[in-house]
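J.: Following this message is one structure expressed as structure tokens.
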């Protein structure tokens, strides 16, 4: 019994940090509508700076002072980030902000390694809380008890801050209607900056307080950000009480899941999140949002099919790409195949995101399922390659059919979060069901048949499939189905009012996108000769998002171009520099700030400018386009 | 002149909405901006307070050119804005809604306190702690006006204050607007309802398809039934 109580208390102690970080994310999202991917990075910097400060200055004052100063310093960095980066992209579509903060995260990951080195750093114990309390023969670290007490205290302070101060009232008002707050004479800029500072402070404090419990390392940002996403979604975005309850819930699930369901401990949390989202899509303590005013797009250029000249140009590009084996070596061909596969992956997400307006954060799940499908068929059933390639993606199709059905019941950020949760579930199954999937060791030896074994043949195969997939999806964009899908994207209510079964259309789009991603995954398995859980992991999902956004989410060709540029750049950078994440992250941030329409969007705009002098008001940089009354 | 609008042009994306709008409001005057649905009344107001990004033209408030200033600065100069859709903060109580609007005292404008506003709108005083979301349309309309008055504006843009309200509430609204005028607040009120406008306004402009097509006193407007019938649906 005592053991379970101790386990419970350990869970509560873990909840404290999680709550701090989650409440910060929630507050920032509430006001700025930015899902701050960099929140985990701020948490990590908080831990690193606190480590340095507490090592430098001894004594109780040095430790507690160090923790607080670290959080304040990171808050200051947050202010800088907000003023330099975020202020420029508040009016961009919400995913752009995610992309920008993701770029920031990449940069921070390399920067902390540069400053503090790659090794885990074990921090000092907290003065005054070094011992343990005996509880019926079980030890409870007294620092844990401190954290357990801290959680409710912070909750109380935040509650007072939001209910009892003018700042809090303004923040709550801005959470609901930013423009109206400005129309009442409040300077939104500083309100946003202060909110961001408070949110970042909480994240950094959460990180700093972790140093007596956990080693500080350079991957702690991604681990926490996923958990924090789960917490805010279960609790309800924007609700601080919700963040608290959900942080406790998640921490306890982690603490006891290990004991009770060791096999599925990882997915337990995500399973709970998926259930919460399906039953209460706005989270336990969130409020159902009135159909949020959509961030209108940056461009209002209607999409059009390629002109015959452009078709010829695309064909020419394809032909040139097909001549690569004539002069390039094997390495280049392997890279080329990988790029072609990622084109498939990117256009599949692009179809869902740009055409359907459904931004999936877990698209890699279907890519990976396609890969695993091939691996199962090839290794277990011993089927020939061509059959595997045809049937393997069906696993992605089935996954998309099941998960998509639930996911399309939601929209916006919640849709993104649910797809993330589903992807994590699939990842966890691949990771933990060792007897079938090989777990972390993956499935090895998935080699292509002899006809496709040479790099040039495989390259042609990948290129051909990529071209076929791209053309098919493009045709679909301009088909009646594509029109209907775009109608559900632009106005769900109106599309239903003209007789479109919106959910079914979206579900179909989800399945199409998932199957297409599965085709990419199937080829990928043969390219690499193996399948690993990483093939359906978060970082791959994020890669896909980056590719689409980089290419231009509001363009038809964005996915293709984005995949080529991002993947080529990525592979090249990794070969050129040890600081590839720093460079890549910087590049992403630059793109977001300077070219918010993505590469294709920018090219289109330049072409349009050349055709006619620009109409009044359409400047190079994004201006919000409000919906006309 | 309290407020001068010259050559105001506004766009939503590629759509040109306002064409060379121009009008003036004198000190302490109540001016009606009349027009049908979609004529451009709300866009005019939104452009004046800087909520429409793509706009050109010159807006002079109390002698200062405010055309290039951000919304909150324009409002802080004493130019209050009451939006058409009310846009109450539904999660905030009546008192908290008022708090969001609170700005320091201004030398050239009447000073409003909560108590004074609760006398002007007695209904609000009876529900200080009620969330904005649980109020009737009429109460919300009163709250939006009271909220803007908390900023102690010397001029208020009132966007269709009578829309969707019962006749009894409309009467209260007329009284409130006349009280504001008596206190010395200049008012521009957009309306489709000529009867309502006549009760409160000194002068009127008619806007049609984004253009001002008439300007004059209420008597002058009454003398031109042709204009009235052509541009206002009665």
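Placed from the backbone N, Cα and C atoms, the Cβ positions cover glycine too.
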J.: With TrEMBL as the source, which of A:312-333, A:532-553 is set down as transmembrane segment?
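T.: Checked against TrEMBL: transmembrane segment maps to A:312-333.
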J.: Find the member of A:340-361, A:381-406, A:413-434, A:458-485, A:582-603 that has more C-beta pairs under 8 Å to the transmembrane segment (A:224-249) than any other listed stretch.
T.: A:413-434
J.: What same-chain residues lie close to the transmembrane segment (A:63-86): Cβ under 8 Å, and 6 or more beyond its ends?
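T.: Answer is 32, 34, 38, 42, 45-47, 49-50, 53-54, 56-57, 97, 100-101, 104, 124, 126-127, 192-193, 196-205, 207-209, 211, 589, 592-593.
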J.: Cβ under 8 Å, sequence separation of at least 6 from the ends of the transmembrane segment (A:34-51): give me the contacting residues as numbers and ranges.
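T.: Distal contacts: 21, 24-25, 28, 66-67, 69-71, 73-74, 77-78, 81, 86, 90, 94, 97-98, 101-102, 104-105, 108-109, 112, 115-116, 121, 123, 199-200, 203-211, 216, 218, 220-225, 228, 413, 416.
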J.: Who are the long-range neighbours of the transmembrane segment (A:98-117) in its own chain, taking Cβ under 8 Å and residues 6 or more past its ends?
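T.: Sequence-distant neighbours of the transmembrane segment (A:98-117): 34-41, 44-45, 48, 51-52, 81, 85-86, 89, 216, 218-219, 221-222, 225, 542, 545-546, 549-550, 579-582, 584-589, 592-593.
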J.: Below 8 Å between Cβ atoms, which of the listed ranges A:256-279, A:413-434, A:505-527, A:582-603 makes the most pairs with the transmembrane segment (A:340-361)?
T.: A:505-527
J.: Spell out yes or no: are there three or more C-beta pairs under 8 angstroms between the transmembrane segment (A:256-279) and the transmembrane segment (A:413-434), with each pair 6 or more apart in sequence?
T.: yes
J.: Under a criterion of three or more Cβ pairs within a distance under 8 Å and sequence separation of at least 6, are the transmembrane segment (A:505-527) and the transmembrane segment (A:381-406) in contact?
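T.: Judged by the Cβ rule, the two regions touch, with the required three close pairs present.
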